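My questions will all concern the structure given below.
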Amino acid sequence: MTLWINGDWITGQGERRRKTNPVSAEILWQGNDANAAQVAEACQVARAAFPRWARQPFAARQAIVEKFAALLEAHKAELTEVIARETGKPRWEAATEVTAMINKIAISIKAYHARTGEQKSELVDGAATLRHRPHGVLAVFGPYNFPGHLPNGHIVPALLAGNTLIFKPSELTPWTGETVIKLWERAGLPAGVLNLVQGGRETGQALSSLDDLDGLLFTGSASTGYQLHRQLSGQPEKILALEMGGNNPLIIEDVANTDAAVHLTLQSAFITAGQRCTCARRLLVKQGAQGDAFLARLVDVAGRLQPGRWDDDPQPFIGGLISAQAAQHVMEAWRQREALGGRTLLAPRKVKEGTSLLTPGIIELTGVADVPDEEVFGPLLNVWRYAHFDEAIRLANNTRFGLSCGLVSTDRAQFEQLLLEARAGIVNWNKPLTGAASTAPFGGIGASGNHRPSAWYAADYCAWPMASLESPELTLPATLSPGLDFSLREAV
C-alpha cells in the first residue's frame, strides 16, 4: 500500500512501478501509481479537511509541524539512508539534506510571522488590520534531486498557513516520499490534510488538471514547468509557483588563490553530480596566463574526482546520477557540443556501463555557434573565455534562464556592476553558486520561474492577504463630505 489518502494507506490502481538503486540496481520500492479516480479522491478529502484545518489556531498547526521536526531528528539516520540509496548521492550529502529539512521548520515559522501572519495599525477612529488566509487545496510536485528537502520547502509553509495538500513525489524517488509521509502521519496530522499520490506523467496530469485545485507548487525542469503554466493558463484564480532550473554562469575574473577558486568551481559545478538547479553550467574565464593556470588546475583536480556508491568508505565527493539514462543524457550532450566544434578539456566517462556513475566533463566552447541554451542536469561544465568584464556580463546574461550567477574577483566594484546588470535571482560573490540561505528568497527570472520565489518567500504564495478597516462602533463623522446634509427638517 503506497498511497496515503484521508489518513489511510491504500494500494494504487494505476501502473505498476518499481524503484532501484541507480548504481547497484537493487530493488528499493515497488508499488502502483494512483489512477485518475484516486487522484480525484485525494482532492475531495483535502477539500473536506480544509475548513477545520484552516480554522485551527496557528499554535495548533505549529505544534504538529514541530512534532514532525522532532521525528525527523529522531529518524535522521534512517531517512539519510533512504535518500542516499534512492538517489545515489553519498551518505554525507544525504545527511545534510535531512538537516536542511529539520532547519526548515523553525525558518518557516519565522517566515510565516514576518511575511504573512497578522499586523494591526491603530487609527484615530479604529484600526487597519492585515490578515492572511490560506488558499485551500494545493498540489505539491516534488523533484528527485532533493526529494526530501525541496518538497518540504512547499509542504511546511503551506500547512502552517492552513492549506490542505496533495503531494506527488517524483516517480524517481517514491521511497523517500513515502518515508517522509509516514513521519507526518506519526506527527498527528488530521486525516485528509496531507495526501500522498505516487506516479509519473499520467498521475501528474490527472492532478494538475483537477478543477477543484486552488493552486500548484512545483519544483522541477523548465519543460515541465512550462507545460503546467500552459495547462493552468486562463485560470488566474489559481496560485502557481514554479521553481525551475538554470543555465547558470560563473565568472572567473581575478584569481588571488587558484586552489580556492578551483574548490569554489568544483562545489558550484559538480556537487550532487551536477544535479542542483543552481549548479554552474557555464564557466566564463578571463583570457590570459592567470586564466590559463586556473583552467589547468581545475582540469587536474576535477580529473581526480571518482564517483562512488552511497555507502563507500571513504566517502566520495559525488555519487551516481539519478539513473543510468540521466548519465547517458549527459554523455550525449557532451558529444553534441564536440560535434559543434567544442574542445574537450576533460572527457566525462562512465565508470561502469549500466550504472549512473559518471566522472565530470569540461569542454571549451569559445567561439562555437549554436550551443543549446539548456540545462544539462549533470556534471558537464561548458567553458568560454572572454577579454573584458563587460563581455563576461554579456555572456552571463546570454540565456533564457535566470536562476543563479556568480563572480570570483577581488574587486568589489565589479560585483556592484554585476548586481546592477545580472539577470538572475541569486548573485554570489566569491561563494559557490550552489550556496543559498533559507533566510533569503530562492528563485529566478526568465525560464527559471514565474516570480514566486521559495525559501523565505514561500509564505507569500501559501496565503492571500485580507485587509480590513475596523471600528467597534459606528458613529456619524464630525465633519461631513461636501453636499451631505443631515440636518433635521421641520415638519410642515
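Glycine is no exception: its Cβ is also placed from the backbone N, Cα and C atoms.
Keep in mind it's a predicted model, so treat the numbers as computed, not measured.
Okay, these came from Swiss-Prot:
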- E243: active site (ACT_SITE)
- C277: active site (ACT_SITE)
- G220, S221, A222, S223, T224, G225: NAD(+) binding site (BINDING)
Which residue, out of the binding-site residues S221, S223, T224, shows the minimum number of other Cβ atoms inside 10 Å of its Cβ in this structure?
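Ranked by other Cβ atoms within 10 Å, the binding-site residues S221, S223, T224 bottom out at S223.
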Across all protein chains in the structure, which of the recorded positions A222, C277 has the highest Cβ count within 10 Å?
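When each Cβ's neighbours within 10 Å are tallied, C277 tops the list.
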Taking the Cβ of G220 (NAD(+) binding site) as the reference point, list residues of the same chain whose Cβ is under 8 angstroms away and which are at least six residues distant in sequence.
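G220 (NAD(+) binding site) has long-range Cβ partners F141, P143, S170, E243, M244.
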For the NAD(+) site (G220, S221, A222, S223, T224, G225), what does the 8 A shell look like? I mean other same-chain residues with CB within 8 A of the CB centroid.
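Neighbours within 8 Å of the Cβ centroid, excluding G220, S221, A222, S223, T224, G225: F218, Y226, Q227, L228, M244, G245.
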Using DSSP reduced to three states, classify A222 (NAD(+) binding site) as helix, strand or coil.
helix
Measuring Cα to Cα, how many Å separate S223 (NAD(+) binding site) from C277 (active site)?
13
How many whole Å apart are the CA atoms of A222 (NAD(+) binding site) and C277 (active site)?
10
What residue among the recorded positions G225, E243 has the most other CB atoms lying within 10 A of its CB?
E243
Can you tell which of the binding-site residues S221, T224, G225 lies nearest to C277 (active site) in space, using Cα positions?
S221
